[in-house]
């Protein structure tokens with residue numbers, strides 16, 4: 001049975017929108033990682049820079065100071081480690097320690113050394129769709145054009161196709177209607193044959209799905225609904241805060257999809 005990968009979020013920042021300040025020392029971060037592993041995480045995604053609206057950009061040195069001690073403490077654990085960074089200097093420092101994946105919210109567009117660095121260490125990379133929100137074509141077409149162009153550049157740099165993930169970038173440079181359009185057409189991203197990572201957890205999109213104001217934690221059940229929907233559309237991994245809820249849900253949806261496929265094959 002094909003298993004949907006669960007990427008657990010570990011923000012080692014003081015200002016992330018959902019859990020800023022909760023895990024920004026090594027001891028609390030390690031405790032959280034162990035808990036997420038017990039809950040079913042296949043990947044831990046460590047992030048040292050907040051992506052909330054209006055966040056303050058920090059220096060490379062500050063990002064390294066936040067991320068490296070945590071990575072050093074967890075890199076030997078029996079779980080894949082991803083680092084959420086768009087800076088090749090941070091990526092390389094973490095890859096030297098044995099990190100498996102670089103999760104680049106700018107898909108190599110911010111730092112043109114990123115692909116060479118990831119290829120050098122034979123690692124995986126997540127390419128997320130981003131931008132300034134100004135586009136000359138419909139959002140899905142622009143997303144596909146941009147991500148496929150960057151995936152091509154990643155392959156030229158030496159990263160094999162099976163180590164390139166695509167993320168549609170829910171919550172980044174899109175209107176509410178554009179995010180809804182991207183979700184409805186996830187299967188078109190899946191059809192590229194690159195593995196797709198869906199990252200909606202606790203974002204504005206999930207609040208708007210509920211139709212009323214909520215705290216980030218109160219959006220977990222709706223996040224799980226997007227997980228189920230994404231899996232049915234063919235995504236291979238989901239990036240979430242609430243690992244236990246989404247891992248259980250994904251296991252159930254994976255079973256049902258496998259059962260459906262088996263019945264179709266039998267008939």
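Any Cβ shown, glycine's included, is placed from N, Cα and C.
Features of the protein shown, as given by Swiss-Prot:
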type	residues	note
BINDING	11	Mg(2+) binding site
BINDING	52, 84, 103, 167, 203, 239, 240, 241	(7,8-dihydropterin-6-yl)methyl diphosphate binding site
DOMAIN	1-251	domain 'Pterin-binding'
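When other Cβ atoms within 10 Å of the Cβ of residue 84 ((7,8-dihydropterin-6-yl)methyl diphosphate binding site) are tallied across all protein chains shown, the result is 26.
Non-local contacts of residue 167 ((7,8-dihydropterin-6-yl)methyl diphosphate binding site) by the CB criterion (under 8 A, 6+ apart in sequence, same chain) comprise 103, 126, 127, 128, 129, 196, 197, 198, 199, 239. The C-beta environment of residue 203 ((7,8-dihydropterin-6-yl)methyl diphosphate binding site), restricted to residues of the same chain at least 6 apart in sequence and closer than 8 Å, consists of 170, 171, 219. With every protein chain in view, the residue among the binding-site residues 239, 241 whose Cβ has the most Cβ partners within 10 Å turns out to be 239.
Comparing local CB density within 10 A for the binding-site residues 11, 103, the maximum falls on 11.
The Cβ of residue 240 ((7,8-dihydropterin-6-yl)methyl diphosphate binding site) has 6, 7, 8, 9, 201, 223, 227, 246 as same-chain neighbours under 8 Å, each 6 or more residues away in sequence. In the three-state DSSP classification, residue 84 ((7,8-dihydropterin-6-yl)methyl diphosphate binding site) falls within a strand. This prediction places the mean pLDDT of the domain 'Pterin-binding' (1-251) at 94. Residue pair residue 84 ((7,8-dihydropterin-6-yl)methyl diphosphate binding site) / residue 11 (Mg(2+) binding site) shows a Cα separation of 9 Å.
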